Amino acid sequence: MSFQIPRGTQDILPEQAAKWQYIEQIARELCRRYNYQEIRTPIFEHTELFLRGVGDTTDIVQKEMYTFEDRGGRSLTLRPEGTAAVVRSFVENKMYGYPNQPVKLYYMGPMFRYERPQAGRFRQFVQFGVEALGSNDPAIDAEVIALAMDIYRSLGLKKLKLVINSLGDVESRKSHRQALIDHFQPRIHEFCDDCQARLHKNPMRILDCKKDRDHELMRTAPSILDYLNEQSRTYFEKVQMYLQKLGIAFEVDPRLVRGLDYYNHTAFEIMSEAEGFGAITTLCGGGRYNGLVQEIGGPETPGIGFALSIERLLAALEAEGISLPISEGIDCYVVALGEQAKEEAVALVAALRQEGVAAEKDYQDRKVKAQLKAADRLHATYVAILGEDELQKGVINVKHMATGEQQEVPLDIFVSHMKNVLK
RNA sequence: GCGGCUAUGGCGAAGUGGUUAACGCACCAGAUUGUGGCUCUGGCAUUCGUGGGUUCGAUUCCCACUAGUCGCCCCA
């Protein structure tokens with residue numbers, strides 16, 4: 001074996017690719033209905049963008065970035081997530097000046113993180129995500145969540161759990177942060193190393209720790225929800241009200257903390273509850289990021305979005321035993337016998353294709369029997385057999401594979417005949 | 001970054017310190033001089049992830065590496 005695919009990446013072979021196309025099509029169609037428009041940004045950006053946008057205390061920035069220097073000495077990074085780049089483009093192209101606000105965008109493409117691969121985790125993976133920039137209406141939070149749920153439901157997923165939380169605004173977070181430090185500080189030595197490090201860096205993450213999950217201080221820890229100021233609480237309540245109005249079931253989990261620094265107010269996650277799903281159950285994560293646009297150098301602009309991984313979506317479909325309605329099989333396989341017929345078959349196949357018929361022929365110099373077998377393997381609806389006899393009579397033998405019925409069709413009307421029977 | 005398990009033909013999968021590496025599926029050919037899906041017959045791994053080591057001899061034992069997989073951390 002001379003070459004192999006880089007670690008944590010995968011080839012999407014034709015059979016799988018058909019599923020990808022189907023999912024992409026559903027996602028695009030729903031974006032059309034929700035009026036989100038596609039934006040395509042580069043696969044790499046200046047490293048500085050992610051340091052700023054994602055936050056330099058995050059794991060992503062600290063240990064997961066594919067960073068390299070180009071020949072001009074610039075530090076570039078393969079994008080580890082989509083939001084920073086979309087916001088960069090929003091600012092750079094002055095989209096805050098667009099007449100239609102909020103600006104509603106979606107993107108779909110590969111992201112890169114240098115991590116150890118595992119079930120549902122890759123070094124290159126594809127995210128579909130949306131961003132709504134310029135609105136502070138809790139209804140847009142609900143819309144974004146609804147769009148994510150709609151995508152999953154349209155594909156047939158049932159075993160989903162939507163969890164939401166509010167991280168509050170800057171003021172609320174500050175007071176909650178202090179309350180957490182006061183709560184854990186006296187007994188922090190009873191916690192794991194990670195938690196001890198988190199105490200001052202990001203005490204909220206202690207609540208997320210799985211090792212110390214059962215420590216009594218965890219149960220009694222101050223909840224962010226108790227520290228939301230008036231404005232933040234009202235906002236969160238409205239988001240919930242709208243979700244109810246949309247008939248979307250959810251659970252409030254005050255311990256839900258999103259990994260990226262830029263989140264505030266609404267945070268949410270959609271998980272799969274399917275049996276036998278791997279350890280990583282998060283299908284989609286998102287939230288509000290009101291400070292980010294300014295951080296990237298634009299005017300103060302609120303924003304909310306989510307990102308979901310197509311790989312995990314496929315895994316969820318698999319876990320729920322859902323097969324997508326992928327059409328397979330060609331319309332007509334032209335079987336040729338003899339030199340003259342072979343030459344003729346090339347023209348016939350071309351003519352069929354010209355008229356929109358999916359057609360194939362043999363290129364392996366197979367015998368009739370083997371050509372039929374090949375047609376069968378390709379799930380051809382029809383087979384058209386052309387030999388010496390047919391050429392003599394100016395006809396072609398059209399056989400319906402499922403019924404075995406066969407009829408002679410004059411060569412000059414063959415293509416239109418096929419178009420007819422295939423309707 | 002850390003830990004467990006794994007690595008045999010296109011795929012699935014048995015197996016042994018000793019010289020022919022089971023079997024199933026798929027594929028190819030023939031039985032069937034021009035007709036698929038069924039049946040029968042035959043063919044299909046100079047080789048057991050890569051590199052070292054132990055040994056008279058290793059696919060089988062040991063080590064390293066690479067990759068996969070599951071989990072931790074974290075996340076999509």
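Cβ atoms here come from the backbone N, Cα and C positions, even for glycine.
Caution: TrEMBL annotation is automatic and unverified by curators.
Annotation source TrEMBL lists domain 'Aminoacyl-transfer RNA synthetases class-II family profile' at A:1-325.
Positions annotated as L-histidine binding site by TrEMBL: A:E81, A:G82, A:T83, A:R113, A:Q127, A:E131, A:R258, A:Y262, A:Y263. The number of other Cβ atoms within 10 Å of the Cβ belonging to A:E81 (L-histidine binding site), over all protein chains shown, comes to 21.
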Counting Cβ neighbours within 10 Å across all chains shown, tell me which of the binding-site residues A:T83, A:Q127 comes out on top.
-> A:T83
What residues, ordered by sequence, lie under 8 A Cβ-to-Cβ from A:R258 (L-histidine binding site) and sit at least six positions away in the same chain?
-> A:L167, A:A267, A:E269, A:G285, A:G287
Longest inter-residue Cα distance for the L-histidine binders A:E81, A:G82, A:T83, A:R113, A:Q127, A:E131, A:R258, A:Y262, A:Y263, rounded to the nearest angstrom, is 21
Mapped onto three states, the DSSP assignment of A:Q127 (L-histidine binding site) reads strand
